[in-house]
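Report on one structure; see the data block that follows.
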Amino acid sequence: MSDTTPPPAASAGHNHDHGSGGPWAGRAEIIFSLASGAFLLAGWAWGRTQGDGATGPLILLLLAYAAGGFFTVREAIENLRHRELKIDSLMIVAAAGAAVLGQWAEGALLLFLFSLGHALENYAMGRARRAIEALAALRPETALVRRGDQLVDVSVNDLVIGDVVVVKPDERVAADGFVVLGESSIDQAAITGESVPVDKRPVVDVAEARQRPDAVGPEHRVFAGTINQGKVLEVEVTRLASQSTLARVVELVRSAEHQKSPTQLFTDRFQKIFVPAVLVLVGLLLFAGLVVDEPFSATFYRAMAVLVAASPCALAISTPSAVLSGVARAARGGVLIKGGGPLERLGVLHALAFDKTGTLTEGRPQVTDVMPADGVTTQELLSVAIAVERLSDHPLAAAVVRDGLVRLGSHAVPEATDLESLTGRGLKATVAGETVHLGKKSLFDELGGAAVPAALKTRVLDLEHQGRTVFVVRQGDRYLGAVGLMDTPREAAKAVMARLRELGMTRLVMLSGDNQRVADAVAASVGIDRAYGDLMPEDKVKAIQALRAEGEVAMVGDGVNDAPALASASVGIAMGAAGSDVALETADVALMGDKLEHLPFVVGLSRQTRRIIRQNLWASLGMVALLIPATILGMKMGVAVLFHEGSTLLVVANALRLLAYRDSA
Ligand SMILES: Nc1ncnc2c1ncn2[C@@H]1O[C@H](COP(=O)(O)OP(=O)(O)OP(=O)(O)O)[C@@H](O)[C@H]1O
Ligand SMILES: [Zn+2]
């Protein structure tokens, strides 16, 4: 059951794939094992009527041996070829030992139970794996592609970027892309875990969308594997089938199985000591004749029984089965967990740090206040601000341009050039031959030159107290004024924080690049304990490190400006990862949808996984601890195998409960 040599990373845990694999192999194992059981029963019953040593019953028991031992022997040979010693192989030694002692029925029982236990175990693990493979099957095989006036059926693997595919109602979208024609609503649950269908409409500017497909808004973007619930849509393909979000998720989930968790590393280490110790014990037991007066056959039998009892089979499978089920369940809920490590760590930690914009807030700021300095007109302030923000792709910039233009009316906007982004503080550019600086108030202390006029400063502070994000604009040495924006907290944020506390998160903090007063206001409104404001991206990393000094911390962000902080947290959790490659790649846990509500689900799931791993460890170690003395004291080999395989199946069944996990909020 477990290797005495460390298994290669790719065969994490208890691997009974038998090389060939496939559904037939699984079924064949069960059939062979049941056949073994039938031969055993018939041979045993016939033997009772015929008396010992009759040829007929013996032939049946030999057939039971053959059927029950077939896969075990095959695997043992395979292992020997790889120069691996597995305890599985020793099960054959035990059965052979029973045969030598003339205990054919007992040996056949051993092989029957052993093969049945392992066949069922493989079947159960296969169930968790199939839950993952079901994701891959969501993508249709073919797509209807518009070629001039004609529609052609094309294999999705032959789709190229720029193809326009037609998606009929109730059909699955064949490729990632953006809508060019038609309006509909799409069920994206398979990718993002959102239960409510999302409305889609065509992009306004196809050329622009083609150039920057990752910047296309969620109302235009569609993903392979999602279901069109309304009317016909035409979608321009932006990714090859092998690169689609679905394909990447499936790939990441598959590889997650092979990332060992801390508990797995621990059990691996434990087995490296335990297995040789068992072999030594069994070796010593062969000399029991020196202590107790018994025939060697009895000594040998006892040693074989101990060997069976001590196999740490359940222990080896206890963690991998739970991790596999947990990762599969999460994937079905639109959450990608990259392995047992993050899953287990998230299951025990008590502190969560949040990014503000786009994570706790909607990430859709709106201009609320425009305050020109004395002697400056509103138009002058706005036109310069718009000119500069137009060149930036910051979330605040988009809001200033959109809302600013409405307020500006027909007033002309000058041309800005030489944009320079002052990360986390603001922007610098040239307008009408003069340098324009725009950004948070503290930026101007840093820059030197003319200081912010006292009157303007008071008004900025006043706005900040009201929870507004404020930036100041300066052209040359002249202050034009300040603009205030407001980003509303996500509707779900408050309830999510409350639920996270129920789940055992005791420290909830917020990290923000915005000023401290805004940070405090947002934190208070959603129920966060502590807000750290005025942080530059590198300060966020330092803040995470400081928090980690007091215990493990997970960080939740959207991958914008916070990727380094996500990477330095114990567990980095990204939101809205379906739309962002960076987030999908850098995070340990990716919430595919842009929904804060999925956070309690994944926290609860990881906590449940931890609990189940704990239970499994106790059950498997407890069973071994009971069976070793029991067999030394004379428990029958058949009974020992029954308990041994029973505990293995129990552990796997316990893990499979995770597939049905629901957040009970
Ligand atoms: N393009 C811009 N226009 C106006 N102000 C800006 C701009 N870029 C940065 N700032 C100022 O710098 C502050 C912090 O910048 P930014 O929002 O990029 O940081 P962040 O770390 O992403 O913040 P958050 O914690 O809110 O997500 C902003 O609140 C704003 O005052
Ligand atoms: Zn086993």
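Including glycine, each Cβ sits where the backbone N, Cα and C put it.
Per TrEMBL, domain 'P-type ATPase A' is recorded for 138-253.
The region 'Disordered' annotation in TrEMBL covers 1-21.
Taken from TrEMBL, the feature transmembrane segment applies to 30-47 (among others). Long-range Cβ contacts of the transmembrane segment (30-47) within its own chain (Cβ-Cβ under 8 Å, at least 6 residues beyond either end) map to 54, 56-61, 63-71, 104-105, 108-109, 111-112, 115-116, 119-120, 123.
Annotation comment: TrEMBL describes 53-73 (among others) as transmembrane segment.
For 273-292 (among others), the entry in TrEMBL reads transmembrane segment.
The transmembrane segment annotation in TrEMBL covers 304-328 (among others).
What TrEMBL lists as transmembrane segment is 617-635 (among others). Within its own chain, the transmembrane segment (617-635) has Cβ neighbours under 8 Å at 263, 267, 281, 285, 302, 305-306, 308-310, 312-315, 318-319, 643-644, 647-648, 650-651, 654, counting only residues six or more beyond its boundaries.
As annotated by TrEMBL, transmembrane segment applies to 641-660 (among others).
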Can you check how the pLDDT averages out over the domain 'P-type ATPase A' (138-253)?
90
Which numbers of helix, strand and coil residues does DSSP report for the domain 'P-type ATPase A' (138-253)?
28 helix, 38 strand, 50 coil
Using Cβ atoms and a strict cutoff of less than 8 Å, what residues sit near the transmembrane segment (53-73) while being 6 or more residues removed from its termini?
18, 28-29, 32-33, 35-37, 39-40, 42-44, 46-47, 88-89, 91-92, 95, 99, 104-105, 107-108, 111-112, 114-115, 118-119
